[in-house]
Every structure is written in C-alpha cells, then in structure tokens.
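Taken from Swiss-Prot as is:
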BINDING   Cys16, Cys18, Cys38, Cys41  Zn(2+) binding site
Amino acid sequence: MKQGIHPDYRETTVVCTCGNTFTTRSTSQSGTLNADVCSKCHPFYTGKQKILDAGGRVARFERRYGKKN
C-alpha cells in the first residue's frame, strides 16, 4: 500500500437512538457515529417483527383472478 494516502483507522463509539453504545473501528474523523437502529432494538433481532400484509400487487392479483390452489 502507498504510504500517507489512507485515512487514519481509529476506535469509534457507535451510539444508537435506543441508548445502546458499542466500540468499533472506523475512519470517522469525529470519533462517534450515530445509528438509527442496532441489534438491540431492530425488530429482526429482538423477535418483535410483525408481518403486515398491506394488500400489495400480489393480493390484488389474487382477488382479481382467484387464488389457485
């Protein structure tokens, strides 16, 4: 690798909106990153995931032409 062209790779604190914080490494200049979701509050990881059927294109097709079994 060429010397002097790569940004510094330093420890960075990631702060989630739920209040969870953890340390990782990044090239961020500020030393902190703000995240909207993390593994502590994301529905997929917490098991609180809801499956919503909004009646999309597939449901509309099935209503129109009948669902074939």
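Yeah, the Cβs are placed from backbone N, Cα and C, and that goes for glycine too.
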- Item | Listed in sequence order, residues with CB under 8 A of Cys18 (Zn(2+) binding site) and six or more positions away | Val37, Cys38, Lys40, Cys41
- Message: Other residues near the Zn(2+) site, CB within 8 A of the CB centroid of Cys16, Cys18, Cys38, Cys41?
- Response: Thr17, Gly19, Asn20, Ala35, Asp36, Val37, Ser39, Lys40, His42
